[in-house]
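Annotated topological domain 'Cytoplasmic' per Swiss-Prot: 1-6, 57-61, 72-82, in sequence order. Taken from Swiss-Prot, the feature transmembrane segment covers 7-27, 38-56, 83-104. Marked as topological domain 'Extracellular' by Swiss-Prot: 28-37, 105-111. Residues annotated as intramembrane segment in Swiss-Prot, with similarity to another entry given as evidence: 62-71.
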């Protein structure tokens, strides 16, 4: 159905954005004199997850993590089919987010 497809795409997009912004916050850009601290990086991850849950949570539940999806499957909160598609979308979203960050980041910044 359309709602199921939207939910799967929502998981893909949320995971892509979470990985992109989270990992992007840990890069050492030349304009930042000191390297990002653990607190700054964790704040970026926290703000990213909070924002994504608020914006996409009503569509799919915003699991954004295969471990959360598997836990929901074990707890009988989602069907096996939904969990399978969610995990696949999350894995693809994570790879796509990292690949996008890799392509958009200058080579000397990547480390």
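Cβ atoms are placed via backbone N, Cα and C, with glycine included.
Quantities reported herein were computed from a predicted structural model and do not represent experimental measurements.
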The topological domain 'Extracellular' (28-37), counted residue by residue under DSSP: helix, strand, coil: 0 helix, 0 strand, 10 coil
Tertiary contacts of the topological domain 'Extracellular' (105-111), as residues 6+ beyond its ends and Cβ separation under 8 Å: 24, 27-30
Secondary structure composition of the topological domain 'Cytoplasmic' (72-82) [DSSP: H/G/I, E/B, coil]: 6 helix, 0 strand, 5 coil
The topological domain 'Cytoplasmic' (57-61) - residue tally per DSSP class, helix then strand then coil: 4 helix, 0 strand, 1 coil
For the topological domain 'Cytoplasmic' (72-82), the mean pLDDT of the predicted model: 94
